[in-house]
Amino acid sequence: MSNRAKSPALDAVVIGAGVTGIYQAFLINQAGMKVLGIEAGEDVGGTWYWNRYPGCRLDTESYAYGYFALKGIIPEWEWSENFASQPEMLRYVNRAADAMDVRKHYRFNTRVTAARYVENDRLWEVTLDNEEVVTCRFLISATGPLSASRMPDIKGIDSFKGESFHSSRWPTDAEGAPKGVDFTGKRVGVIGTGATGVQIIPIAAETAKELYVFQRTPNWCTPLGNSPMSKEKMDSLRNRYPTILEYVKSTDTAFPYHRDPRKGTDVSESERDAFFEELYRQPGYGIWLSGFRDLLLNKESNKFLADFVAKKIRQRVKDPVVAEKLIPKDHPFGAKRVPMETNYYETYNRDNVHLVDIREAPIQEVTPEGIKTADAAYDLDVIIYATGFDAVTGSLDRIDIRGKDNVRLIDAWAEGPSTYLGLQARGFPNFFTLVGPHNGSTFCNVGVCGGLQAEWVLRMISYMKDNGFTYSEPTQAAENRWTEEVYADFSRTLLAEANAWWVKTTTKPDGSVVRRTLVHVSGGPEYRKRCEQVAYNNYNGFELA
């Protein structure tokens, strides 16, 4: 390793202008360092910029997600709903960007196409889509866990004559602003019943002539329970921001919930059902995150809650055949992120809504007229692909990132990511991944956990600059220990039994299948404790030079 380090034009490049990216850029600038942010969109917002479909909103309590308000960056901010809609969330991020004056550090309508680590100079060369190359000491990815949209591999997908689009690329007008898609009198098809589809479907059903929902795998969905935010509640929350922040930091996922200390198997059936009923009626993720402590550890305890929610689905959906198709049979309750819904199940009681089970009759092709399955053809005017994302690592896979010895990140992580603290990977010095694989912000309330992680990264970078270090890379031993621990912790939970977005599945040339978790599931407090220990011990586990 060379002992010299060439001075780059920038201290850091931050990829992404979502809630975590703009905060990281702000912190680096505040510390007196030169930073450039790169954002593919026209403005800040991240997920709230790209996802503008009808029904899009937070599944986190607004006040608990709003780190910029909790931290006093925009203390005057007032939420209008307990679970804010996408337009309100975009206004919130824009207001925070104004307060931090962060846009001057960004280039918008710009993509990073490649990044190459130059070993002799200890810097990154970052190539933009206009072929310009900028150099930086630290490269920081803040692209988000769900930003690389995924279209299904269906024959004829480009042949459709009507309107079609992925849910995260909703149509825009000539100026780039989102335009409403009028479903009135139209035959609409929605492919996918994950969190996005669950939000779109009830809205589309209100005006569509006919709505066809193409479902392969049902999800466990529970009521969001949204309501307006009263002035009295908003004033009370604002007065308690420091306390609220400390509380959410104390929970495993930074949502405002602690698990019940009891085991589901230790409670009588009547007491259990009364508890489930109470949780089901509460707004938000309480039923997932404040239930019995063994929900995701014990199959019997999990089945108690799954059976309860299945009973609710049967009560809400009038057609028993449809109800059964909407009840998951392939994964435990909560082994996938639970979609929060508003009148989702009641939507299937409408005469104009039709559930198409594509596990029984798979989609064969998209035709100019619509969708053809194994047993029917559906003429459509609009097709919405609510088909999700290449999660967590997908956005990085789409950038040609090359570390030491010209090794590509996508090759290094071919069978699953390997990291230290989920923040750096060996072979890719000075490259940080915020809300990335195996760190404490991804299986978490990103609004808070991403902000806390950005603060830690700033501390490490500042420590390096103060001590004359220009190089950081995990030791092989530290990376191996962390990665093995992440995989082991995940495998002990029922999360390992679902094909959720946080599991990467790879088929090897010999036909064998490798499943690797993309997330750290041991809880935010434990994760931050580990990170603090590393920092306190002069960033042990990292090679600094």
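Numbers here mean position along the shown chain, with the first residue as 1.
Glycine is treated like the rest: Cβ placed from N, Cα and C.
Listed features, source Swiss-Prot:
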type	residues	note
BINDING	THR20, GLU39, THR47, TRP48, TYR49, TRP50, ASP59, THR60, TYR65, VAL112, VAL446	FAD binding site
BINDING	ARG57, LEU58, ASP59, THR193, GLY194, ALA195, THR196, GLY197, VAL198, GLN199, ARG216, THR217, TRP501	NADP(+) binding site
SITE	ARG337	site 'Transition state stabilizer'
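Taking the features listed in Swiss-Prot, we show where each one sits on the structure.
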| residue | record | CB count, 10 Å |
| --- | --- | --- |
| THR47 | FAD binding site | 20 |
| TYR49 | FAD binding site | 22 |
| ARG57 | NADP(+) binding site | 21 |
| ASP59 | FAD binding site | 19 |
| TYR65 | FAD binding site | 25 |
| VAL198 | NADP(+) binding site | 24 |
| ARG216 | NADP(+) binding site | 16 |
| ARG337 | site 'Transition state stabilizer' | 18 |
| VAL446 | FAD binding site | 25 |
| TRP501 | NADP(+) binding site | 21 |
Say you check the Cα of THR47 (FAD binding site) against those of the recorded positions GLY194, THR196, ARG337; which is nearest?
THR196
As a test of the contact definition, list every same-chain residue at least 6 positions from THR196 (NADP(+) binding site) whose Cβ is closer than 8 Å to its Cβ.
ASN51, TYR53, CYS56, SER167, SER168, ALA386, GLY388
Using a 10 Å cut-off between Cα atoms, which of these recorded positions sit near TRP501 (NADP(+) binding site): TYR65, ARG337, VAL446?
ARG337
Return one of helix, strand or coil for ASP59 (FAD binding site), based on DSSP.
coil
Position of peak Cβ density within 10 Å, selected from the binding-site residues THR20, GLY194:
THR20
Work out how many Å separate THR20 (FAD binding site) and ARG337 (site 'Transition state stabilizer') at their Cα atoms, rounded off.
21
